[in-house]
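Novice: So that we are looking at the same thing, I have put the structure below in structure tokens.
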Amino acid sequence: MKICLFLAFVGLALVEGKIHFQENFDAADWDSKWVQSAHEGKEFGKFLHTPGKFYGDAEKDKGIQTSQDARFYGLSTKFEPFSNEGKPLVIQFSVKHEQNIDCGGGYLKVFNCDLEQTDMHGESPYQIMFGPDICGPGTKKVHVIFNYKGQNHLIKKDIRCKDDVYSHLYTLIVNPDNTYEVLIDNEKAESGELEADWDFLPPQKIKDPEAKKPEDWDDRATIPDPEDVKPEDWEQPEHIADPDATKPEDWDDEMDGEWEPPMIDNPEYKGEWKPKQIDNPDYKGPWVHPEIDNPEYEADSNIYKFDDICTVGLDLWQVKSGTIFDNFLISDDIAEAKKVGEETWGATKDAAKKMKEEQDEEERKKAEEEAKAAADDEDKDDDEDLDDEDEDDLDEPEHDEL
């Protein structure tokens, strides 16, 4: 019995999760591990190593911040290759749009080992693209894009991202049973099945190309009553001559032409006659096109699987810079990822928000004081102008009356 328990414990230890990549940008030489793209034709912006204007901990909250407006950003790093076969895949990082971004990406991309890092650009093949994207009021979403058999597939659901100035934690979980979950700030934002929420595979069922609606199929729920007859007095003109109108006294037929009374709406007009509707005795309901198994459909239990995960990168465009990226994590341990998220992003988020609120309050008070000072200066100028006018009145010479 003890031997069995020991073997079970060893088995559990062997399947414990692993962190494949982690980057908190704590070290001053963080950029020694990252490669800047130099793709021809792109003007790339620089990343700064900073916690930003407000933070919970000046050191722990250091990340990399986009620093130049209207620029491409291309930075990547490699790690030991791995496959997520038979295991969950967890991709996690934090995004802080400190600049209150109006248009720009906040997502990352995961690549295999084939990526030429110095030439990374928007057309470089990737495996997963995940994270927030904002552009105006119409685009505020979380991208979840998978490459499957050489084609990129966008999620069919709309996942709204956070659009404030604070740091938020984004987590993507891909399970070996072909299910997924998206977390924002360690809370579920969306979940489902890969096959259902992406168009990886052809539909399992298609409309039978041989089937056609029978010619005698009647799908009219109601029909005109064949026994309903239009009343004899129904036909009335829409407009009639105004019976109360009289020819003006100064009307000259030779000069003005033959007088005709103006037309008015006919109160007896009933509009176009239509027979009343009755239930159709031959109604068969709406015709449903029969479906058959799609011969092109082939189930795939390995949609979730990537054989060679090796690189993570930031490949994006920003109109308004200032976004801080931090707390990168790629793992196969869901519980550990959540724990790491709470120990990094979660440990400082409240203090950072408090610092921002204090800064806002200071700015508000400063703006009020400046507005008051400007108003006082204006009042002072007005008083000086009045004093000058009074002095001018005293200086005017007196005139004798004639």
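One-based numbering along the chain as shown.
Glycine too: its Cβ is placed from the backbone N, Cα and C atoms.
Feature annotation from TrEMBL assigns alpha-D-glucoside binding site to Y107, K109, Y126, D133, D315. What TrEMBL lists as compositional bias 'Basic and acidic residues' is 205-249, 350-375. The compositional bias 'Acidic residues' annotation in TrEMBL covers 376-402. Marked as disulfide bond by TrEMBL: C103-C135. Residues or ranges marked as region 'Disordered' in TrEMBL: 201-253, 341-402. Feature annotation from TrEMBL assigns signal peptide to 1-17.
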Novice: Can you tell me which of the binding-site residues K109, Y126, D133, D315 is spatially closest to C103 (disulfide bond)? Compare CA atoms only.
Specialist: D133
Novice: What are the other residues, in sequence order, whose C-beta lies within 8 angstroms of the center of the C-beta atoms of Y107, K109, Y126, D133, D315 at the alpha-D-glucoside site?
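Specialist: Here the nearby residues are G105, L108, M129, F130, G131, H143, I145, G313, L314, L316.
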Novice: Can you grab the distance from D315 (alpha-D-glucoside binding site) over to C135 (disulfide bond)? Cα atoms, rounded to a whole Å.
Specialist: 16
Novice: Have a look around K109 (alpha-D-glucoside binding site) and count the other CB atoms within 10 A of its CB, chains all included.
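Specialist: Within a 10 Å radius of the Cβ of K109 (alpha-D-glucoside binding site) lie 25 other Cβ atoms.
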Novice: In whole Å, note down how far the CA of C135 (disulfide bond) lies from the CA of Y126 (alpha-D-glucoside binding site).
Specialist: 22
Novice: A 10 Å Cβ contact count, applied to the binding-site residues D133, D315: which residue has the minimum?
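Specialist: Sparsest of the binding-site residues D133, D315 by Cβ contacts within 10 Å: D133.
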Novice: Go ahead and report the DSSP secondary structure tallies for the compositional bias 'Basic and acidic residues' (350-375): helix first, then strand, then coil.
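Specialist: Its residues fall into 26 helix, 0 strand, 0 coil.
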Novice: Count the Cβ atoms, other than its own, that fall within 10 Å of the Cβ of C135 (disulfide bond), considering every protein chain shown.
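Specialist: C135 (disulfide bond) is surrounded by 15 other Cβ atoms within 10 Å.
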